[in-house]
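Not my notes, these are from Swiss-Prot:
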DISULFID  C63-C82  disulfide bond
DISULFID  C69-C87  disulfide bond
DISULFID  C75-C89  disulfide bond
SIGNAL    1-26  signal peptide
Amino acid sequence: MASRATSLFIFFFLISCTFMLLETNASKNKSRSDLPLCGFREHCDGLWCPGEGGKYSCINWSCNFIEDCEKRIRCEKTGPCCFDGLCDCTNF
């Protein structure tokens, strides 16, 4: 009898932990529309992004993984990528 009660306790404990974990991660997700919309421009070795006052400038953001770029920017045509240690918006 104790093993059934223990099994039920562990089952419901895991269910509640899973729910709390999912709820915590969902609240940390930012809206993609809050990220700057960057693009590709010739003669710019980085990203062409809006800065202060809406003026665009060439910006370089370092990265190790594509997720680093996805947390910082949006791209006009395709998703951002991490290329040679820098975030980039490809022109495809």
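The backbone N, Cα and C atoms fix where each Cβ goes, glycine too.
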Using a 10 Å cut-off on CB atoms, tell me which of the disulfide-bonded residues C69, C75, C82, C87, C89 is the least crowded.
C82
Using C-alpha atoms, which one of the disulfide-bonded residues C69, C75, C89 comes nearest to C82 (disulfide bond)?
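Nearest candidate: C69.
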List, in sequence order, the same-chain residues at least six positions removed whose CB sits under 8 Å from that of C63 (disulfide bond)?
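Once residues fewer than 6 apart are set aside, C63 (disulfide bond) is near C69, C82, G85, L86, C87.
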Is C89 (disulfide bond) helix, strand or coil when read with DSSP?
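In three-state terms, C89 (disulfide bond) counts as coil.
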